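See below for the structure under consideration.
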Amino acid sequence: QTREQETPPDFFYFSDLERHNAEIAAFHLDRILDFRRVPPVAGRLVNMTREIRDVTRDKKLWRTFFISPANNICFYGECSYYCSTEHALCGKPDQIEGSLAAFLPDLALAKRKTWRNPWRRSYHKRKKAEWEVDPDYCDEVKQTPPYDRGSRLLDIMDMTIFDFLMGNMDRHHYETFEKFGNETFIIHLDNGRGFGKHSHDELSILVPLSQCCRVRKSTHLRLQLLAKEEYQLSRLMEESLLRDRLHPILIQPHLEAMDRRLRLVLQVLAVCVEKEGYSNVVEVDYRGARGGRDTATHRNPGHR
């Protein structure tokens, strides 16, 4: 998918393509939001022959390389779903763009636990998930471990906002570091299905926020800051993405869509505050508890 192409409107979210530039943009967005839960990702131009095929010791991977009818080098690798000649990655003739992500700590050092997202979609053409038909679904979630205590529910709200700004509907699971139990944070992994449509805002992604009406104070203040003209989210993203080797990462309509979606998030929170009261919606967290001063809003939002 090129930078200019949008996901076709008739595609189901689970049929969408994985975009390397979405992984790159997600890392930058995560930092600007001051979540810092996406492992570092950078774009690179890779020589598939010299840097993959000729150096791999994985015979199964090596066997998936072939030359296409257009005389381009292609491979499809080993995986559960899309690894076939119909879904091969092809170079021009052997140069290909990709996103490279930093490794997380080895599982022997830091085991990770995979959790089913409470607002996971049905991944079915006709069936709806429970949260789509029950407006009080969040009340049930709030009574279920690990969301009944600690900051996990607030982490879900952060992740919801993050996904809505990207247009990512594919957050079926998430991971945490096992060692810290419920005193941990969500790792924002697997963002390749973000930034598929700039002309459509998928409001269903915001359902967890509108149902629960909960948000961290530091997150709320950060969003308000990024909605101001002098700290505009789209401009900070554009400036940050200039540093990547595969620039441009996002075309202008995607950047402008983030500003539009940010205003929608703030509108949802404003309705929540009006309905339930500020103190019942905005929860003071450790970054926002120092005499009302939130550290996230007192430094450059593009701080690296």
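The backbone N, Cα and C atoms fix where each Cβ goes, glycine too.
Noted in TrEMBL for the protein shown:
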{"type": "BINDING", "residues": "E18, D190", "note": "Mn(2+) binding site"}
{"type": "BINDING", "residues": "E18, A101, A102, F103, L104, E175, D190", "note": "ATP binding site"}
{"type": "DOMAIN", "residues": "65-282", "note": "domain 'FAM20 C-terminal'"}
{"type": "ACT_SITE", "residues": "D170", "note": "active site"}
Confidence summary (mean pLDDT) of the domain 'FAM20 C-terminal' (65-282): 96
All-chain count of other Cβ atoms within 10 Å of A102 (ATP binding site): 10
Residue from E18, D170, D190 whose C-alpha is spatially nearest that of L104 (ATP binding site), among the recorded positions: D190
Among E18, A101, A102, F103, which are recorded as binding-site residues, the nearest neighbour of D170 (active site) by Cα: E18
Among D170, E175, D190 [recorded positions], residue with fewest other Cβ within 10 Å: E175
Close in space, distant in sequence - A101 (ATP binding site), Cβ under 8 Å, 6 or more apart: E23, P39, P40, V41
Distance, E18 (Mn(2+) binding site) to E175 (ATP binding site) (CA atoms, angstrom): 19
In the chain carrying F103 (ATP binding site), residues 6 or more apart in sequence that have Cβ under 8 angstroms from it: P39
